[in-house]
Amino acid sequence: MYNHDGNHWVFMQSLIASDGAGYDYFGHGVALSGTGHLVVGAHGNDDKGSLSGAVYLYTLNSTSNTWGDEQKIFASDGAEGVYFGFAVAMSGTGHLVVGAPYDDDMGSYSGAVYLYTLNSSSNTWGDEQKIVASDGIADV
């Protein structure tokens, strides 16, 4: 992580998954909000099955100007091979979107998007909704 001091980019710290393993692909998808939250995808994580995926969430400590572990999230219906965390996006209003391109609810590799909302009182992210294409088609 780097911070711009007004003139230069200054190195702050490296982020490494505390439970990371080879081929987790930690850092493939990254998003930063303007409110001090960072999400890092690790679509190769295998905690819920091979290539099931996970995302790691960090919070900026404004006093020390360092990032600390906040939470690790899996798909609520996590399954092998869905690549949860392949793509991530975050809003400045407490919303997180996580892509799982190989989810197969609507057919092989039909994909899904998971939406999460930040609970500001507990500073944790809660599972809100899973979205699949309404016109998705099952395998023939």
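The backbone N, Cα and C atoms fix where each Cβ goes, and this holds for glycine too.
For reference, TrEMBL has these:
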REPEAT    13-67  repeat 'FG-GAP'
REPEAT    71-125  repeat 'FG-GAP'
Residue counts in helix (H, G, I), strand (E, B) and coil for the repeat 'FG-GAP' (71-125), per DSSP?
0 helix, 24 strand, 31 coil
Need one number: mean pLDDT over the repeat 'FG-GAP' (13-67).
94
Secondary structure content, the repeat 'FG-GAP' (13-67) (per DSSP, counts of residues):
0 helix, 26 strand, 29 coil
